[in-house]
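Some features that Swiss-Prot has for this protein:
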BINDING   Cys17, Cys21, Cys24  [4Fe-4S] cluster binding site
BINDING   Cys61, Cys96, Cys154, Arg221  [2Fe-2S] cluster binding site
DOMAIN    1-228  domain 'Radical SAM core'
Amino acid sequence: MQEIFLCSISNVRSGDCKEDCAYCTQSSHHQGAIKRYKFKDEKVVLQEARALRQLGALGFCLVTSGRELDDEKCEYIAKLAKAINQEELGLHLIACCGRADLEQLEFLRDAGIHSYNHNLETSQNFFPKICSTHTWEERFITCENALRAGLGLCSGGIFGLNESWEDRIEMLRALASLSPHTTPINFFIKNPVLPIDAETLSADEALECVLLAKEFLPNARLMVAGGREVVFKDNDKKEAKLFEYGINAVVLGDYLTTKGKAPKKDIEKLLSYGLTMATSCH
């Protein structure tokens, strides 16, 4: 039976990001109807970690909005990491806090963070069409810094931004050069507050994207993330094919600003596909 790794997300700082990423409702350039707060209370984060671990999640990603890490964010994430690790839940802790230099990432590593998530999002060529406030090259350098710091690298992208198949290939080729241990695969879902006018990918095209990712990243943990619940809706037959085509990790529960599938029902569905849930991070 195929084993699936479950990962969960905690949006520990939400909204008011000064970047203009066209796909993101957390950008202050778009008037998204989202919750905005500076730092989530530590007790709430610990409750989330315990609850999701009890459901079977092994990965727990602490996400902050904004362009980059700064001293305040570093201290906050380090404090959360130490508190969660003291619980001895056996969680693999991931931080996702934007651009970061080597020293900052080494600080997080020493505080108990195991991996750093920083997505390339799309190809180098297409990126300027979806963001003007920072460059694709900055993203790539942060990924390199994570590896240099001795952290695991989690890096992937978004399909369905009106990019071409060549853009998809270029992104995956760049990801392959980084050898991430995990690659999140997101599917863009149209939102009226966002400037991207793109129709949701069909389930068949989404599956083709997964096959392509598997071809370029045969050894990475391919994690289906945002958009799965919309692209595949109630199409169990095609959703099950995700795992035949190379997906071996799933985001359990909610995303940053959108609802995911109800965790217990999602796990029941995954089990009905003949999958088993991983019990170890390795």
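Note: Cβ is positioned from N, Cα and C throughout, glycine not excepted.
Overlay of Swiss-Prot feature records on the structure.
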{"residue": "Cys21", "record": "[4Fe-4S] cluster binding site", "DSSP class": "coil"}
{"residue": "Cys61", "record": "[2Fe-2S] cluster binding site", "DSSP class": "strand"}
{"residue": "Cys96", "record": "[2Fe-2S] cluster binding site", "DSSP class": "strand"}
{"residue": "Cys154", "record": "[2Fe-2S] cluster binding site", "DSSP class": "strand"}
{"residue": "Arg221", "record": "[2Fe-2S] cluster binding site", "DSSP class": "strand"}
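In this structure, the CA atom of Cys61 ([2Fe-2S] cluster binding site) is 18 Å away from the CA atom of Cys24 ([4Fe-4S] cluster binding site). Around Cys154 ([2Fe-2S] cluster binding site), the C-beta neighbours below 8 angstroms that are at least 6 residues distant in the chain are Cys61, Ile94, Cys96, Ser115, Tyr116, Asn117, His118, Pro180, His181, Thr182, Thr183, Pro184. What surrounds the [2Fe-2S] cluster site, by Cβ distance within 8 Å of the Cβ centroid and not counting Cys61, Cys96, Cys154, Arg221, is the set Cys7, Gly59, Ile94, Ser115, Tyr116, Asn117, Thr182, Pro184, Met223 from the same chain.
Here the Cα atom of Cys24 ([4Fe-4S] cluster binding site) is found 24 Å from that of Arg221 ([2Fe-2S] cluster binding site). Reported as a whole number, the C-alpha separation between Cys21 ([4Fe-4S] cluster binding site) and Arg221 ([2Fe-2S] cluster binding site) equals 26 Å. A C-beta separation below 8 Å, combined with a sequence spacing of at least six in one chain, links Arg221 ([2Fe-2S] cluster binding site) to Phe5, His181, Thr182, Thr183, Asn248, Ala249.
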